[in-house]
Amino acid sequence: MHQLHANAAQYSWIGSSYALASTASTPLWAKCSDVWGRTPLLLLANGVFMAGSLLSGLSKTIDMLIAGRTIQGLGGGGILILSTIIMADLFTLRDRAKYYSLSAIVWAVSSGLGPILGGVFTQTIGWRWCFFINLPFDGASLLLLTFTLRLKRPETTVVEGLKAFDWFGSVTIVGGTICFLCGLEGGASTLHGWKSAYSIGLMVGGVTLFLIFATYEWRWAAFPLVPMRALSSRPNLAAVFTAIFHGFVFIAYDFFLPLYFQVVLGASPIHSGLYLFALVLPLSAVSFATGQFVRRTGNYHIAAWFGSAVMTLGTGLFINFGNKTVWWKIIVYQMIAGVGAGPLFLSPMLGLQDHLPQEHVASGTSAMSFLRSISTASSIVIGGVVLQNAGLKGGNLTAPTSHDTTRQDLPGAGTSGYTAALSKMWMFYTAFCGLMVVSALFITKKSPARSVSDGGDAAVEYPETEKQRGTKEEEAKSAA
């Protein structure tokens, strides 16, 4: 990145811009697909992602790269949520488990392979290929979707759809997301800090907009972006909070374990990615096994209970990582954490969908994905603050993300101080795992008589416009 002359603040925005755009756009993609159909929106999301990848790869300045990553995030957010919703449209709850587990495997493997391939590209053919590599794969998927994906489309016209769209809700949730995440980014930076008016103002403004959004959606929205009333039941809240806690803790694995491998154990970025496969491979295997288990039994709640308990154990074991941890502990502890994390990629989602009316499945799914994204974006910043307050004073937490920090760069007591701070940080994440266990215990299976798990393919229902309601009333009068 030295070719683009990026400073530390600009460097952090290369990742933050993607996360911000992806998170903020998630509810909008879901709602637009309700109004205008899944297929055209998924094709659009793929096209936007390709455009962002191309712009990022061709970047001549750091501002151009950040713009490209923002566009990429818009498309990536759409691809992620729409593929999840489409699987809910196409398959019964039990069959969904199989396909959601396959998606979790892809996510887990890519998390392990991504840093390795990125390091290889950077050291050989250049960093731009980290973005160009997306183009042939996304282009192939775009062609495949164009000719094979046939879904029911709503009869809503563009004008009717624009009238039915939740504009106020969209503005408040996007504005709140941007303010809150920018405030977190500013607080974690050396440019502003947590006590600055910039950081405090943005975070308070973000929370205020979220509260306005929730109140409006609950009381006044005709076609709500998020079905607040449908999400307010105890099983649904339990599923949502389990997903939030899972996302909050799991992203810490992706960020702080490589940090430990590189800074404390002295591993290279590529070797650090290889070490992470001790987490990724069991996670993938258990995700697939969970999909098969839920498909055969329908007991997604048992998978959630098991996963949350084992993930808590695995996270707690990370507290024991030291300056010279033996390799069997590094492998076994990660395997335990992976076995616990795997079932939680799909079981809370299935639990939520099972308790939602079919017309709210898309918006409810997007709400869970949105809140999970907020939790993952917040986790790294909050974990970094805990790390600093645990004794890592004066350390630059942005440096390890660029893989430039070595043992010689460590402040204070060197690796001993860093290891002690990391242990206290893992205590913090273990406490969140405990909250996840409590919330998972309230995930209950819907009674077979009312569950969609044994039904046929669910038909997608879209918002009924005023014109359509008038037509139905006229038909009813004629019949009378």
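If you go along the chain as it appears here, the first residue is 1 and each next one adds 1.
Keep in mind that glycine also has a Cβ here, set from the backbone N, Cα and C atoms.
Heads up, TrEMBL stuff is auto-annotated, nobody curated it.
Positions annotated as compositional bias 'Basic and acidic residues' by TrEMBL: 464-480. Annotation comment: TrEMBL describes 1-448 as domain 'Major facilitator superfamily (MFS) profile'. Annotation source TrEMBL lists region 'Disordered' at 448-480. The transmembrane segment feature in TrEMBL is assigned to 41-59, 71-93, 99-122, 129-147, 167-184, 196-216, 236-261, 273-294, 300-319, 326-346, 426-443.
When Cβ-Cβ distances below 8 Å are used as the criterion, the transmembrane segment (99-122) is approached by residues 83-84, 87, 91, 129-130, 133, 254, 258, 268-270, 272-274, 276-277, 279-280, 283-284, 287-292, 338, 342, 345-346, 349-350, 403 of the same chain, each at least six residues removed from its ends. Note on the transmembrane segment (41-59): residues 4, 29, 32-33, 65, 67-79, 82-83, 86, 128-132, 134-135, 138-139, 141-142, 145-146, 149 of its chain, located 6 or more positions outside it, place their CB under 8 angstroms from a CB of the stretch. A Cβ distance under 8 Å defines the sequence-distant neighbours of the transmembrane segment (236-261), meaning residues of its chain 6+ beyond its ends; these are 111, 115, 230, 267, 269, 271-273, 275-276, 279, 304, 308, 311, 315, 318, 321, 334, 337, 341, 344-345, 347-349, 351-352, 355-356, 364, 367-368, 371-376, 378-380, 383, 387, 400-401, 419, 422, 425-426, 429, 432-433, 435-436, 439-444.
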